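Enquirer: Here it is: the structure, laid out below.
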Amino acid sequence: MSNDKSAEVVVLPRENDEESKEPVLKNQFDLSTFDIDSPEIDLTHTRADHIPDLTGFPKIEELRMRNNLLVSISPTISSLVTLTSLDLYENQLTEISHLESLVNLVSLDLSYNRIRQINGLDKLTKLETLYLVSNKIEKIENLEALTQLKLLELGDNRIKKIENIGHLVNLDELFIGKNKIRQLEGVETLQKLSVLSLPGNRIVKIENVEQLNNLKELYLSDQGLQDIHGVEPLTNLLLLDVANNEIKTFSGVERLESLNDFWANDNKVESFSEIEQLSKLKGLQTVYLERNPFYFNDTNQYRRKVMMTLTQVTQIDATTCRKPIE
């Protein structure tokens, strides 16, 4: 059993008080409180600055160490070959290391750290979910071995291009929002994809998605889109988010016969006649259309006019409305 049984007292300066020497506890966990047969060890928010020796827990499958002070992944983790889930969310990690022996890992969360490069994952061939949100990653790379991946989350990084993921043919959900991507590309072979989320990038054209026959949700808000052309082949799409763009026409949306949700608020559509195209979508339930020019033209009648035109809709913007007219 590990010797990590009691908290360690260290002296850290308090903010705005350089003279303070009040002790602050680190590693505030006691492994003796866990059953040796426990499949799950949760050391979240314990001010841990290292991963303790957990060899005394032979059946451990899940390790959670969120919101701690880890600056590196301790070599001690290499012995935890039974792990299927590792969560090191919100620490101070700068690189991915010492994970090679964790060959049974199915889920890995390294979000909210300071990681600059994706690497060290070659042996994790069973991995199905990988979270790398809010790091300092500039390039998608070194994912060649992760062919079983079903969910990849790379939001809030510094990525400029969608690349090196074409082999991830089992991918179901892809999140790369809030990056620096200028072109929608590199996803053509991901035919199992059901969710593609790219909000907050610099995309100006919807393209290279015509092969994504299983796509159900497409998120493209906060870009530079001027129209919606390119979505027409996505006939199984249930949700389309193009809010806060430069869109002037809804032409093309009427082809999305399965659409339930259409989010297009904060765009540049001037004519209310554009709304009439949406009346063809019999399954449409929710629309977000406010703060387009046609909204400001007649704010008092806006909601009523939408209700009269889109009789099938049950929610307009953030407010529900009466049941659709039969």
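Residue positions begin at 1 at the first shown residue.
Each Cβ is built from the backbone N, Cα and C atoms, and glycine gets one as well.
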Enquirer: Labelled region 'Disordered' by Swiss-Prot, one stretch among 1-22, 265-286. Can you tell me which?
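Expert: Feature region 'Disordered' in Swiss-Prot: residues 1-22.
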Enquirer: Which sequence-distant residues neighbour the repeat 'LRR 1' (35-57)? Criterion: at least 6 residues beyond either end, Cβ under 8 Å.
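Expert: For the repeat 'LRR 1' (35-57), the sequence-distant neighbours (Cβ-Cβ under 8 Å, at least 6 residues beyond its ends) are 1-4, 24-29, 63-71, 73-74, 76-77, 79-80.
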Enquirer: For the repeat 'LRR 5' (128-146), how many residues does DSSP put in helix, in strand and in coil?
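Expert: Counting residues by DSSP class gives 0 helix, 3 strand, 16 coil.
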